[in-house]
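A.B. asks: Pasting the relevant annotations from Swiss-Prot:
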DOMAIN    5-187  domain 'tr-type G'
BINDING   17, 18, 19, 20, 21, 22, 134, 135, 136, 137  GTP binding site
């Protein structure tokens, strides 16, 4: 193993699309780790979906041997991280395993919201940060402006920033030299009791759970008996290895090393991310500080379109949960949709990706209900409940107070679009908290908003109102009491639980009317009348009807008495009544999305 003073552990942090994964590819090229034959874009993004969308979802760790200009052999452990706000927990786990970070900033775009959010995460871990300006080969790059933004907005010295083009490979060797010269070597005592931090884990069908970890103190060897400090479970290490970039076995790790271990661990819950691995014979006195447990904040119901696929959906969800600590699910039933699962996600991108993976990797047709956030209810008895499904809201007479989650959001926007952003945030019940200038024409606006207002289309609207120039980052701060009501949708007098939603009373009438109108358009006409109603409690606030399709029963009557025609029409009317009583309305998937798209009306 390499000497501790010659190890450098670092991660690459950046806003989404600023070129992290491309820079990681070039570093692998320059160090000769990836052969010409194996080359592909986004080498570290293993998931097909990651490469297709051009985003990083799971953090990846790779060991890079590097011979520096001073002639010494170094080991660089690169931990690639995602940039999207939904996956910021993946970033914080990766940073806990490093001593330093490369901050990649797009020289054409400048400092953006998630750049700042990730920098503050890195500073929380006392990291040394090296600014890297990417895309300097583009004619639209403005190096001087971006350096000024880094100095004013973040407070880093940009004079030392490395200017690169990850696409062409220009100056990537300078980045490697900067890592060796400016980032500190890991500290830690190899003779102390073992303390190793788990920063990622996933399930392998042959080896059980594979644990990615960073040794802080002590030494770990193949065959050692280890213990997880959070769960107390004991295992024997069957395999130790590193990704370089493909898996290679090693015999032992000492303080400062990053690698993976297999120990026939059956369940992902037994090797939790943030837990500490120690020896069972000589355990460490205290565990390492881990990460706070991530809680899903957006919930939606997932139902198989074919009810016979219910067990298959359960298997698929369990399989996805093995590799995704932040995803949760539990069984639920709906009168309208049958048996399905209530799933919890970190945000909307996370939800989209899970849905897409279920449909693509497991070939299951899904119906998804409208996403909702977690509300807090204070009952008359003084009991606190958290409500993930609007249909589970208690009777209004039993509710003392209804609380919704609020987020603090930072929006970075060019000067000319500030008015549009204010207007959007006011519409979404936002409270302005702060506004400051990052540069002459770039503003950071801070708002506090109800999470429910931003969960569906806020980001899309923000992008279109600012021509794609705005970027945002948010964190959940607290629960606040609001004037909220449950809006029920009724089809022919029967409430459809999957369409129920919790809305602010001021918006309930408009929202109810808009959903009813949209449902009227999406539900196909039947042989009987279909009435769509929106209700708050027992009060109907909106009503739409789809007229029945009717056969011209009097077509065969040529002339003759009017009573003959009337008799046929009365007979048809009776039949329609019976049909309406007996008939079921088939709701298409679009009907469930109707509840989401009401703001466009």
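Even glycines carry a Cβ here, placed using N, Cα and C.
Owing to the predicted nature of the structure, the values given are computational and were not obtained by experimental measurement.
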A.B. asks: As a test of the contact definition, list every same-chain residue at least 6 positions from residue 19 (GTP binding site) whose Cβ is closer than 8 Å to its Cβ.
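C.D. replies: Residue 19 (GTP binding site) has long-range Cβ partners 104, 106, 134, 135, 166, 167.
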A.B. asks: When you measure from the Cβ of residue 21 (GTP binding site), how many other Cβ atoms are you left with inside 10 Å?
C.D. replies: 27
A.B. asks: Within 10 Å of the Cβ of residue 17 (GTP binding site), how many other Cβ atoms can be counted across all chains shown?
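C.D. replies: Other Cβ atoms found within 10 Å: 16.
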A.B. asks: Comparing the binding-site residues 134, 136, which residue's C-beta has the most other C-beta atoms within 10 angstroms in this structure?
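C.D. replies: Compared across 134, 136, the most Cβ atoms within 10 Å surround 134.
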A.B. asks: Can you give the largest Cα to Cα distance in Å, as a whole number, for the residues 17, 18, 19, 20, 21, 22, 134, 135, 136, 137 that bind GTP in the record?
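C.D. replies: Largest pairwise Cα separation, rounded: 17 Å.
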